[in-house]
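Swiss-Prot annotations:
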BINDING   116-123, 443-450  ATP binding site
COMPBIAS  653-678  compositional bias 'Basic residues'
DOMAIN    84-342  domain 'ABC transporter 1'
DOMAIN    411-626  domain 'ABC transporter 2'
REGION    630-678  region 'Disordered'
Amino acid sequence: MVLTTNLYSLNLRSTFFFTNTITCPTLFTFKLSSVSNPRRVFPNIRAHVSAASSNSELESLLSTDRKLISKQSNNGASSISSGVRLENISKSYEGITVLKDVTWEVKKGEKVGLIGVNGAGKTTQLRIITGQEEPDSGNVIWAKPNLKVAFLSQEFEVSMGKTVKEEFMCTFKEEMEIARKLENLQKAIEEAVDDLELMGKLLDEFDLLQRRAQEVDLDSIHAKISKLMSELGFVSEDADRLVASFSSGWQMRMSLGKILLQNPDLLLLDEPTNHLDLDTIEWLEGYLIKQDVPMVIISHDRAFLDQLCTKIVETEMGVSRTFDGNYSQYVISKAELVEAQYAAWEKQQKEIEATKDLISRLSAGANSGRASSAEKKLEKLQEEELIEKPFQRKQMKIRFPECGLSGRSVVTVKNLVFGFDDKMLFNKANLAIERGEKVAIIGPNGCGKSTLLKLIMGLEKPMRGEVILGEHNVLPNYFEQNQAEAQDLDKTVIETVVEAAVDWRIDDIKALLGRCNFKADMLDRKVSLLSGGEKARLAFCKFMVKPSTLLVLDEPTNHLDIPSKEMLEEAINEYKGTVITVSHDRYFIKQIVNRVIEVRDGGLMDYAGDYNYFLEKNVEARARELEREAELEEKAPKVKAKSKMSKAEREARKKQKMKAFQASKKKSKSSKNAKRWN
């Protein structure tokens with residue numbers, strides 16, 4: 001294993017990678033320009049100062065500063081993008097090969113989508129790049145030393161007890177350390193008036209630190225944070241709010257923001273869209289598209305991969321293969337490659353069979369020489385020139401068990417009013433969903449999408465209005481976001497699914513579990529021993545086997561790989577019942593829905609068409625609304641608002657004005673006649 005020396009990595013909790021972790025300093029305001037370099041004027045005053053208590057602190061301050069400057073002096077600018085190459089990487093766990101001679105690279109301007117089924121070794125490759133794991137063999141080759149690497153893992157972490165601004169400030173560990181030391185040096189210089197030698201050393205350190213502060217642009221930190229907070233959707237008032245008061249989606253924005261603030265040389269993203277709403281995903285796409293920094297993105301969000309990636313690296317059965325273009329181009333190229341390889345394999349198999357047949361016919365008598373020649377040809381075909389049959393994952397078809405047809409009316413929402421103490425979510429909202437409709441509920445995080453599903457399921461009660469399930473044979477099957485944590489921890493994996501299944505053969509249940517990446521040795525494992533992702537996949541399997549006429553799904557694709565998503569999409573399209581889903585996966589929504597409901601401004605905006613129809617009409621509606629507002633504002637008279645008057649008051653005022661007008665006319669006429677006769 002060869003790693004370029006002096007690799008400078010970053011580790012912001014789970015967000016960044018640091019070789020030496022520094023405790024996040026206490027937030028304080030420090031402006032470099034406000035700190036003047038103390039003049040080297042030494043007054044002729046002898047002050048008796050006890051240095052015993054401060055000597056060790058000063059020595060520590062001086063030595064630390066020297067180390068800090070020394071450590072950073074050789075760093076390249078973080079704006080200079082570079083790349084990394086994995087060369088013949090192999091990795092095994094407990095005798096099971098996960099990666100086998102994996103080779104690929106990412107360079108400046110490239111955005112690599114790393115894809116594969118769950119457990120294929122995608123995250124392992126990122127961990128090898130960052131040095132968190134060592135490969136069994138192979139090399140990681142860096143294009144330059146001191147490369148700054150940012151890594152957003154699936155399990156992001158933020159400090160719940162900090163404010164939003166404090167959380168972002170923790171990104172600037174070195175800068176805050178410099179600011180703290182500058183402040184301490186300023187105080188030390190003021191106290192060292194009787195020690196010329198010490199003051200000289202302190203001033204030298206101050207000069208070094210001040211230059212370093214200018215290099216890291218210490219003055220701009222607050223402006224950078226404010227700008228990015230705005231881009232991420234935070235308002236200025238959010239800066240002093242606790243991180244704990246935000247939803248997981250907003251906490252993910254904080255983690256992303258901490259990465260983006262560092263301007264890394266290499267950006268590694270592991271499922272970055274998992275907790276983001278559609279608006280934020282589109283913002284993130286727009287932001288990342290503009291960056292030249294090399295990126296490696298693990299994602300099962302096919303629309304995200306389509307928008308961003310310049311090439312796709314597929315890991316299958318431990319082997320990697322690189323395809324130019326985005327995800328859609330990969331799908332086409334992969335199909336063509338498999339087809340061509342299968343045709344070549346089939347042709348070679350026919351040649352092998354024909355050669356074997358020739359050998360058997362020539363083996364006897366005078367043709368033994370020709371038979372020997374044919375045997376050599378066969379040996380060469382089978383050993384040196386053998387074409388492997390292309391691997392094709394077995395496509396398992398799943399169907400949701402159905403219980404006949406429901407009545408025409410499935411869900412009715414009438415004048416719904418609902419909210420929480422600090423926020424009203426729905427204000428006289430109305431909705432009617434009928435049998436056979438497949439509906440997507442969309443909107444920004446926190447607008448009430450999941451709450452609407454809970455109201456439909458009867459898990460929440462309206463403040464006013466009503467939410468009614470149809471009377472005839474409406475049998476809902478509900479998949480909620482935290483369903484993974486609501487399972488019986490004492491049951492085994494197989495017991496959990498068998499309990500929910502009706503009329504399923506045990507072999508079919510095992511096949512379903514296998515398709516969701518539960519190996520045979522995991523079937524008897526207790527649920528309590530599963531990871532978060534494994535619990536989520538188990539909850540999905542349990543959901544798939546329950547009979548119903550109405551599917552209610554809250555972010556069902558969050559922990560699914562692409563083949564599992566395709567399996568779910570096919571099952572939903574074959575389902576004759578009604579489907580209501582909350583999802584931020586645009587590709588998934590496009591495949592399954594025929595109606596879109598947008599939660600906006602306390603109401604439910606209805607788009608009677610698929611997701612493309614919603615995009616078309618939504619843009620037009622927003623544009624028309626803006627045009628109307630601009631037109632009304634332009635035509636509106638620039639006067640103060642009139643006070644409210646009754647009809648009788650308005651009539652009286654009108655008569656009064658008319659009398660005043662008539663009197664004014666008479667007065668004007670008399671005045672003119674008087675002037676005329678004078």
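Using N, Cα and C of the backbone, Cβ positions are placed for all residues, glycine too.
A map of Swiss-Prot features onto the structure.
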| residue | record | DSSP class |
| --- | --- | --- |
| Gly116 | ATP binding site | coil |
| Lys122 | ATP binding site | helix |
| Gly443 | ATP binding site | coil |
| Lys449 | ATP binding site | helix |
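Ranking the binding-site residues Asn118, Asn445 by C-beta neighbours within 10 Å puts Asn445 at the top.
Lys122 (ATP binding site) counts 25 other C-beta atoms within 10 Å of its own C-beta, drawing on all protein chains shown. Within the same chain, residues at least 6 positions away in sequence whose Cβ sits under 8 Å from that of Cys447 (ATP binding site) are Leu425, Val599, Arg600. Sequence-distant neighbours of Gly116 (ATP binding site) (same chain, 6+ residues apart, CB-CB distance under 8 A): Lys122, Glu314, Thr315, Glu316, Asp561. When the neighbouring Cβ atoms lying within 10 Å are counted for each of the binding-site residues (Gly443, Lys449), the highest count belongs to Lys449. Sequence-distant neighbours of Ala120 (ATP binding site) (same chain, 6+ residues apart, CB-CB distance under 8 A): Val98, Thr315, Glu316, Gly318.
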